[in-house]
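Annotated features, as they stand in TrEMBL:
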type	residues	note
TRANSMEM	B:59-79	transmembrane segment
TRANSMEM	B:108-128	transmembrane segment
TRANSMEM	B:140-160	transmembrane segment
TRANSMEM	B:172-192	transmembrane segment
TRANSMEM	B:212-231	transmembrane segment
TRANSMEM	B:252-272	transmembrane segment
TRANSMEM	B:300-324	transmembrane segment
TRANSMEM	B:345-367	transmembrane segment
TRANSMEM	B:373-395	transmembrane segment
TRANSMEM	B:407-426	transmembrane segment
TRANSMEM	B:432-449	transmembrane segment
There are 2 protein chains.
Amino acid sequence: MLSTFKRFLIGRPLKSTDLGDQKLNKRKALAILSSDALSSVAYGTEQILLVLVTVSTAAFWYSLPIAIGVLFLLAALILSYRQIIFSYPNGGGAYVVSRENLGENAGLIAGGSLLVDYILTVAVSVSAGTDAITSAFPILHEHTVLIAVIFVLMITILNLRGLTESASILAYPVYLFVIALTLLILVGLYNIITGETPPAVNAEIGTPVHGITLFILLRAFASGCSALTGVEAISNAIPNFKDPGPNNAAKTLMLMGALLAVLFTGITYLAYSYGISPSETETVVSQIAAQTFGRNFMYYFIQATTALILVLAANTGFSAFPLLACNLAKDKYFSRIFMIRGDRLGYSNGILTLGFASILLIIIFRAHTEHLIPLYAVGVFIPFTLSQTGMILKWFREKPKGWLPKLITNLIGAIITFIVLLILIITKFEQIWSVFIFVPAMVYIFHRIKNHYMDVGEQLRLKQDHEAIKIEGNVFVVPVAGITKVVENSINYATSLSDQVIAVYVSFDREEEKAFEEKWEKWQPEVRLVTLHSHYRSLITPLTKFIDTIEHKAREANYQVTVLIPQFITKKSWHNLLHNQSSLLIRAYLLYKRNVAVATIPFRFKK
Amino acid sequence: MLSTFKRFLIGRPLKSTDLGDQKLNKRKALAILSSDALSSVAYGTEQILLVLVTVSTAAFWYSLPIAIGVLFLLAALILSYRQIIFSYPNGGGAYVVSRENLGENAGLIAGGSLLVDYILTVAVSVSAGTDAITSAFPILHEHTVLIAVIFVLMITILNLRGLTESASILAYPVYLFVIALTLLILVGLYNIITGETPPAVNAEIGTPVHGITLFILLRAFASGCSALTGVEAISNAIPNFKDPGPNNAAKTLMLMGALLAVLFTGITYLAYSYGISPSETETVVSQIAAQTFGRNFMYYFIQATTALILVLAANTGFSAFPLLACNLAKDKYFSRIFMIRGDRLGYSNGILTLGFASILLIIIFRAHTEHLIPLYAVGVFIPFTLSQTGMILKWFREKPKGWLPKLITNLIGAIITFIVLLILIITKFEQIWSVFIFVPAMVYIFHRIKNHYMDVGEQLRLKQDHEAIKIEGNVFVVPVAGITKVVENSINYATSLSDQVIAVYVSFDREEEKAFEEKWEKWQPEVRLVTLHSHYRSLITPLTKFIDTIEHKAREANYQVTVLIPQFITKKSWHNLLHNQSSLLIRAYLLYKRNVAVATIPFRFKK
């Protein structure tokens with residue numbers, strides 16, 4: 001039943017040799033890996049205007065030079081990540097780059113930040129997308145949390161089905177969003193050129209503005225950089241690309257950068273030209289669309305694709321998180337369960353963990369995750385800075401042909417991202433302080449996990465000159481509850497394996513004890529019976545005490561003690577409610593608390 | 001940790017031989033077993049007036065003859081249950097009486113109704129008590145469900161601690177309630193006699209009332225009978241009494257009947273004399289108390305003890321449910337887990353089941369369980385009728401000395417309870433129809449359970465002439481995952497038990513497979529290694545197929561197959577997250593799906 005349902009949800013299992021088929025071509029990769037970055041266009045310009053409006057609307061012209069600054073940073077990031085893709089063709093992104101060039105802890109800081117960041121990506125994007133939908137259909141507003149959770153579940157299932165299939169489904173909305181915004185920008189520009197749109201009431205570029213400071217401009221710039229979250233996703237996912245992976249990934253990255261630049265510049269320019277001011281009740285993109293087309297089909301089309309891409313931006317997290325978790329697990333910093341490929345060849349444990357964690361965040365924050373956005377930006381710029389710094393050291397150490405321009409590219413990137421990081425920390429400390437707790441905590445946990453695996457390896461390793469102690473003989477202890485077929489089976493099995501079989505009967509009543517001893521003597525005279533009296537109606541306490549005695553004696557003679565426990569296998573699962581589950585209890589207790597082997601022999605009821 | 005917490009909650013375990021000490025004397029028994037019946041006084045009169053008011057307030061004088069009718073029924077029930085107590089000194093009440101005299105299904109109908117009824121007792125009483133508290137302190141109103149759940153948890157814990165201790169705690173409120181109501185009645189009567197209270201505006205007794213019908217009078221009578229729920233509790237609990245059980249129980253029953261009669265008559269008479277009309281916002285008892293004392297300390301004392309006894313009425317359910325469940329289990333109609341005495345000698349599984357089920361009802365109905373009251377009354381009158389009918393047949397069959405008056409007593413009781421039952425069904429069908437579904441369903445389940453236990457007994461029984469098939473030899477299958485100390489341990493253990501040991505290696509990769517075979521050949525040349533290739537990255541599928549082959553061959557030669565699975569026992573429990581729990585998975589799968597023994601040998605990590 002359960003397994004049929006699983007098949008229905010995620011499809012039939014795939015052979016390991018099918019792995020190649022699941023890889024992404026550029027068109028699908030762009031759809032699957034860039035929704036996070038491209039969806040940032042929906043709020044990037046707004047973030048800049050929200051800072052400038054604190055001075056005055058006259059300051060809005062600064063959004064154009066700030067956007068150019070962001071574009072410059074974008075170019076630096078894209079070029080830098082392009083270099084990373086070719087230098088690290090196996091993926092891993094910021095984690096691998098930082099670890100190899102800056103050392104273990106830098107790598108773990110980058111890895112830890114990114115893991116948390118992907119969870120935030122999912123929670124924030126899905127919540128924002130849900131908000132867009134519930135704004136369009138207010139009747140759904142009270143079900144926001146439920147809708148967001150359903151979206152996460154759907155994306156989780158799509159990812160469990162496997163990369164290619166999810167990419168086919170996800171490709172349409174991403175391309176629709178790109179088409180919709182491109183149309184919006186083109187029509188908007190046409191209107192401006194033909195003069196159909198009334199001239200902007202905004203101040204001319206270069207107008208002096210009273211009260212503007214460098215600090216405010218830097219803050220506006222840092223806020224605008226939220227449009228850059230998600231550009232690192234491609235460099236983490238190179239192994240998912242069709243061969244040649246690095247070439248395809250680099251081309252996809254450039255294409256994504258170009259699209260992001262065009263859309264971001266276009267939206268920012270239209271916002272300036274239309275004289276749009278950020279509003280509590282309507283997004284900047286919505287205002288631009290309404291002014292360009294009026295509230296007709298095109299307006300709703302743009303709003304719908306925006307909502308959709310925000311929800312699908314979550315999918316970037318689903319592509320990147322499992323791969324990063326697997327990379328950390330390969331280096332023994334994370335549980336090895338993240339290295340297992342599921343039925344459909346995805347890293348299902350990573351997918352499920354991400355789905356579960358983001359649903360938890362959505363429920364805890366009741367889908368009001370807006371104040372997580374600065375945290376999310378910090379979580380991105382920490383690995384940005386670390387990986388670019390790592391690349392600088394790499395060029396400096398290795399000095400390959402033409403290394404100086406490459407070093408300068410990364411140096412500029414490192415300086416800018418570091419400044420953005422500092423500005424984020426200074427201007428939004430009350431929203432991001434927790435990063436200083438959870439990132440060190442994660443690094444600590446990574447080390448603890450690695451230590452555990454090292455300890456385990458040490459304890460499992462066979463030493464060269466080591467000789468195993470031979471087991472000289474076996475003692476079987478068989479708890480019996482009566483004279484029945486089950487007991488007969490167990491005694492049969494035990495005597496077939498060893499001469500030393502001891503049946504143990506735990507009694508709660510002195511008289512019944514004697515009667516049982518007499519019956520046993522008649523039935524199985526060759527098997528020694530020990531009766532234990534239980535004052536407190538517990539099976540485990542007297543049994544454990546007895547086994548301790550036996551085990552103590554056995555160990556002196558290099559004998560191994562095995563406790564044999566029969567287990568009823570009922571015909572129907574509800575029958576289990578009708579039997580004490582003492583066999584399971586005894587087994588778990590002995591195995592975890594005592595040094596004995598535990599054998600279980602099934603007794604299968606036929607009705 | 002967990003076990004320390006358990007000790008703190010319920011106290012140290014008691015020896016089985018302490019059982020005598022836990023029995024109840026009459027004073028404690030009255031407190032513990034009568035709170036349900038006595039608390040009915042708080043709403044019995046009100047139920048009568050609520051029916052009469054549908055005609056006119058002039059009809060209120062009928063409450064006095066109706067109360068006399070209820071008293072008559074009460075007397076009949078008390079006398080009948082007194083006879084039951086002496087005839088059935090081992091308790092069991094309606095279930096045992098009906099089963100022995102009317103047959104299996106009548107007994108099961110009585111038993112099933114009572115089981116559900118005790119759950120309703122707990123849910124309804126606790127909710128009503130909580131309502132009384134939240135009415136006094138409106139600030140608590142939004143936490144009604146939480147408060148009710150906490151009350152149930154407290155009562156559950158008190159009952160898990162054991163009967164005597166809970167009785168000591170519960171004795172005070174019950175006696176305080178009796179004292180409070182007695183004072184109320186005495187002061188009220190004194191006021192009436194001395195003429196301090198203005199003469200009632202009610203119609204004189206015997207005044208003709210327009211519109212009154214026999215049907216309405218019977219309905220009022222049936223509603224008033226809700227004051228009688230809970231009188232059967234003592235007859236179910238005779239084994240809990242100090243010796244001589246039946247004598248003590250009978251005396252306690254008479255005393256409870258007398259108290260109930262006095263309180264019910266007194267409240268009904270005061271209500272009539274004061275001319276009180278039932279109100280939506282204030283209970284009848286509250287109106288009487290306010291008119292007698294004014295809203296001073298005595299008023300709040302009466303309200304508080306009323307609230308408290310309603311909550312504690314739930315305790316009657318906790319005394320009776322576990323004993324009835326144990327009686328049903330002894331007769332194999334119910335899971336045998338209800339026969340086990342816990343650490344403090346109470347039937348803990350029954351106590352826990354009742355606590356859980358009533359919390360569930362409270363949460364589902366959000367503590368608004370008022371409309372469950374008619375259901376609860378029907379659930380009581382079904383076993384009343386059945387047990388009295390059973391007693392009639394018993395007297396008729398056995399004809400002991402002086403049987404005729406006894407038979408007449410029960411006959412009168414049976415007729416009245418049956419009429420009340422019919423009236424309840426006719427006048428409140430929309431609220432009680434579900435009883436016609438769940439009682440047959442429970443009877444069906446009881447039969448299914450009994451059938452299962454009979455089947456199990458049959459399958460476990462050793463036949464006289466039966467000879468067990470000897471096991472000719474043993475094959476050990478050891479799944480191995482590498483060349484480590486764990487594997488060495490397992491192979492050592494298996495070879496100490498049998499010559500036929502097969503190591504099985506499941507590989508996901510052809511090349512690694514060959515390398516492993518070569519390494520194995522060097523390391524353990526005497527132990528046969530079988531490698532299985534897994535296309536779908538599953539351990540269980542190839543392993544199961546292989547074991548099927550082995551098992552098939554083994555069975556032909558009367559060999560037993562044992563699969564040996566090593567299990568890591570980690571030093572700290574969080575370490576379990578760092579290892580695949582495949583050993584548990586394989587073990588469960590093989591044990592439940594295949595006919596092999598499964599042995600587990602622990603490998604304990606030291607750090």
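Note: Cβ is positioned from N, Cα and C throughout, glycine not excepted.
TrEMBL entries are annotated by machine, without manual review.
The recorded stretches the transmembrane segment (B:373-395) and the transmembrane segment (B:172-192) do not share 3+ CB pairs below 8 A when only pairs 6 or more apart in sequence are counted, and are therefore not in contact.
In summary, the transmembrane segment (B:140-160) lies against the transmembrane segment (B:345-367): three or more C-beta pairs, each 6 or more positions apart in sequence, are under 8 Å. With a cut-off of 8 Å on Cβ pairs spaced 6 or more residues apart, the transmembrane segment (B:432-449) and the transmembrane segment (B:345-367) reach fewer than 3 such pairs and are scored as not touching. Non-local neighbours of the transmembrane segment (B:252-272) in the same chain are 26, 29-30, 33-34, 37-38, 40-41, 44-45, 48-49, 60-61, 63-64, 67, 70-71, 74-75, 78, 81-82, 85, 178, 181-182, 184-185, 188-189, 192, 200, 202, 227, 231, 234-235, 241, 284-285, 287-288, 292; each lies 6+ residues outside the stretch with a CB under 8 Å from one of its CB atoms. Long-range neighbours of the transmembrane segment (B:59-79) within the same chain, counting only residues 6 or more positions beyond its ends whose Cβ lies under 8 Å from a Cβ of the stretch, are 44-45, 48-49, 52-53, 202-207, 209, 212, 217, 220-221, 224-225, 227-228, 231-232, 253-254, 257, 260-261, 264-265, 268-269, 271-272, 275, 277, 384, 409, 412-413, 416-417, 420. Note on the transmembrane segment (B:300-324): residues 32-39, 42, 91-93, 95, 111, 114-115, 118-119, 121-122, 125-126, 128-130, 132-133, 136, 151-152, 155-156, 158-159, 163, 166, 170, 173-174, 176-177, 180-181, 184, 230, 233, 236-237, 239-240, 285-286, 289, 293, 338, 346-347, 349-351, 353-355, 358 of its chain, located 6 or more positions outside it, place their CB under 8 angstroms from a CB of the stretch.
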